[in-house]
Amino acid sequence: MTRGFSFSLPVMVVVSAIAFVYFCTVFVFIDRWFGLMTSPGIMNAVAYTGVAVMCVLNYVFAIFMDPGRVPSTFLPDIEDSKVPIHEIKRKDHHCTWINNCVGHANYKVFFIFVVYAVIACIYSLVLLVGSLTNDSQNDKQQSADSFRILYVISGLLLVPLSMALSGLLGWHIYLILQNKTTIEYHEGVRATWLEERAGNAYKHPYDLGAYDNLTTVLGSNIICWICPTSKHIGNGLRFRTAYDGLPVTSTSK
């Protein structure tokens, strides 16, 4: 399901940054290091273009895809013995940079967008450094001076972006491996504290193990992990828990 889109300055900033970095990477860094029409130049241009296309594609999906929501008429069957945990979350995390909430339905495409964005930034940085090194070795100072402003702006953009996005990616990898949302992480901190005060050990109920947690978010087909597919996510009203198949005491929230 898609949603409407209204003008958003942060989204325009992201789109402009992507366009600027792509232009500089392909038509400046690659061209000045390898030559755009050489075999290495063509291979790097094609590879970087592929990463950029996937980054943009997932960004568009993250913007326009409905994040999902709990139907207002939904009521969990608290007497169903097959469902050990009853939990309803009506809060979404709104992300200014996609002008949309990140929820059950679009979380995967948001995560994959961040993966490709990190790859694109680091790849571009490597090409920037290689291009500068090549110019220095070939003593093309006069030629390099004309591109200096592009190198400076690109460096000032790519270094903090690479650091920030890598941190964001690492955080979400941690969350996925724990099968938690950002909200559940913060709830878990409090739940752990309360359980420890009571002398008990807290276990996140949706933690199925690293691999199963990955497939819950990204799908069972590893090839599709890097693609914006979402047929595996279900309706978001029922999730597997670590207690499935065990004798249960039903809990509702």
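Using N, Cα and C of the backbone, Cβ positions are placed for all residues, glycine too.
The following features are taken from TrEMBL:
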TRANSMEM  7-30  transmembrane segment
TRANSMEM  42-64  transmembrane segment
DOMAIN    88-186  domain 'Palmitoyltransferase DHHC'
TRANSMEM  109-129  transmembrane segment
TRANSMEM  149-177  transmembrane segment
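Within its own chain, the transmembrane segment (109-129) is flanked in space by residues 21, 24-25, 29-30, 33, 44, 47-48, 51-52, 54-55, 58-59, 61-62, 65, 95, 98, 102, 151, 154-155, 158-159, 161-162, 165-166, 168-169, 172, 176, 217-218, 225-228, 230, which lie at least six positions past its ends and keep a Cβ under 8 Å from the stretch. On the 0 to 100 pLDDT scale, the model's mean across the domain 'Palmitoyltransferase DHHC' (88-186) is 87. If one looks beyond the transmembrane segment (42-64) by at least 6 residues along the same chain, the residues whose Cβ comes under 8 Å of a Cβ in the stretch are 2-3, 5, 11, 14, 18, 22, 25-26, 30, 34, 36, 98-100, 102, 106, 109-110, 112-113, 116-117, 119-120, 123-124, 127, 226, 228. Summarised by DSSP class, the composition of the domain 'Palmitoyltransferase DHHC' (88-186) is 72 helix, 6 strand, 21 coil.
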